Ligand SMILES: C[S@@+](CC[C@H](N)C(=O)[O-])C[C@H]1O[C@@H](n2cnc3c(N)ncnc32)[C@H](O)[C@@H]1O
């Protein structure tokens with residue numbers, strides 16, 4: 001009896017170390033080879049045959065460590081008494097992983113320290129393992145609030161700086177969120193906390209090809225507001241028959257809502273030509289293509305990059321409606337002016353609204369990225385308005401709440417052109433609560449449970 005219990009404990013220990021090794025290897029790939037965690041981690045889990053429970057632990061460790069890397073780095077540097085630049089990269093990643101377990105999980109401190117030290121011993125050398133042991137013991141001397149008190153700017157005088165440290169975001173992103181939330185401190189903290197929660201797996205059926213009932217009978221729950229959406233509580237979406245057959249795809253409910261909103265705006269006159277200006281990889285194009293069936297319209301899906309245009313073609317494969325995929329630069333349209341009745345511009349952006357899905361993205365993005373993206377967004381929106389006929393509608397969408405990519409882009413383009421006006425977008429997201437004062441809509445993870453999608457609807461005069 002006691003032998004089998006001991007065996008059970010040993011198995012559990014070995015499994016836990018497998019999870020930590022996978023997390024460590026994922027961190028190395030992300031930080032050394034610029035890999036994306038959401039791509040590299042599933043591959044590692046598959047390769048090593050990790051079971052579901054350990055995969056969940058490895059995912060929590062990888063995502064949690066990456067999200068708060070900036071905070072853990074400051075703590076580790078303090079405890080190491082030297083700059084990270086003076087440490088071996090594998091040691092840095094192991095210390096981040098150890099700090100995460102000590103400060104943000106329920107892993108017992110002795111296990112957090114000893115398993116991390118083992119990783120360093122295996123992957124670096126004994127001397128580095130002793131060093132890691134000493135550093136992590138110091139990290140564990142206080143909790144995250146204690147470290148925030150010691151290392152973060154005071155909450156009273158620099159709220160953004162304090163929250164950036166406490167909730168693992170770069171300060172420039174915290175300030176951008178604060179501006180978009182009009183300085184509401186409580187909402188700001190809730191938004192940052194929501195960014196550190198795993199995002200639900202949201203699915204969308206392609207209208208005319210699949211229906212929500214099929215997803216529900218496969219174990220998903222109907223989405224709260226999108227008539228085409230469902231949420232998968234557990235399991236791999238890639239295994240669902242509807243997803244494999246292209247009748248449904250993975251798509252955030254916020255993305256569905258802004259796309260459906262464009263199709264709902266009343267327009268007088270013809271409703272035959274729809275344009276998706278920035279279509280790759282094709283999630284919104286697939287939904288739009290299904291929605292063209294109502295008025296019997298055709299969809300032109302445009303994408304600048306060839307390989308992403310191929311993904312759009314894949315997403316549209318099997319759609320019974322009329323559609324075409326075109327590789328083109330939408331800032332310099334090859335189509336005539338005023339050629340379309342509805343235009344979707346889902347603009348390239350910083351992606352600050354989807355940080356919960358891409359744990360490393362917040363540290364890769366720089367505030368210097370905003371200026372060039374904004375210039376591109378302005379140029380695309382100007383082309384979008386030129387492309388729609390008078391009375392037609394343009395939906396300007398970003399998955400970023402940064403004001404320099406949202407409201408002020410629209411303000412500047414409307415001011416410079418004078419031939420388009422905002423339409424209140426809120427009525428086209430029926431049932432969705434807390435949409436603010438309008439006319440534009442800003443969704444938030446902490447309010448709506450969606451990515452922070454922004455939508456402005458503009459009618460050509
Ligand atoms: C935010 S993504 C669009 C996501 C897409 N709507 C979906 O739901 O799957 C922006 C896309 O615009 C493309 N893009 C960037 N600049 C462009 C341009 N000048 N003309 C057309 N497409 C462009 C990018 O390659 C990228 O695929």
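Using N, Cα and C of the backbone, Cβ positions are placed for all residues, glycine too.
Marked as domain 'SAM-dependent MTase RsmB/NOP-type' by TrEMBL: 177-461. What TrEMBL lists as S-adenosyl-L-methionine binding site is 278, 279, 280, 281, 282, 283, 284, 303, 329, 346. Feature annotation from TrEMBL assigns active site, nucleophile to 399.
Feature map: annotations from TrEMBL on the structure.
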{"residue": "278", "record": "S-adenosyl-L-methionine binding site", "CB count, 10 Å": "23"}
{"residue": "280", "record": "S-adenosyl-L-methionine binding site", "CB count, 10 Å": "24"}
{"residue": "282", "record": "S-adenosyl-L-methionine binding site", "CB count, 10 Å": "25"}
{"residue": "284", "record": "S-adenosyl-L-methionine binding site", "CB count, 10 Å": "26"}
{"residue": "329", "record": "S-adenosyl-L-methionine binding site", "CB count, 10 Å": "14"}
{"residue": "399", "record": "active site, nucleophile", "CB count, 10 Å": "26"}
Distance, the residue listed as 'active site, nucleophile' to residue 284 (S-adenosyl-L-methionine binding site) (CA atoms, angstrom): 12
Averaged over the domain 'SAM-dependent MTase RsmB/NOP-type' (177-461), what pLDDT does the prediction give? 97
Kindly assign residue 284 (S-adenosyl-L-methionine binding site) to one of the three DSSP-derived states: helix, strand or coil. helix
Could you state the whole-number distance in Å separating the C-alpha atoms of residue 278 (S-adenosyl-L-methionine binding site) and residue 399 (active site, nucleophile)? 13
Reported as an integer number of Å, what is the Cα distance between residue 282 (S-adenosyl-L-methionine binding site) and the residue listed as 'active site, nucleophile'? 15
Take the C-alpha atoms of residue 280 (S-adenosyl-L-methionine binding site) and residue 399 (active site, nucleophile) and report the distance between them in angstrom, rounded. 14
Max Cα distance spanning 278, 279, 280, 281, 282, 283, 284, 303, 329, 346 (S-adenosyl-L-methionine binders), Å? 19
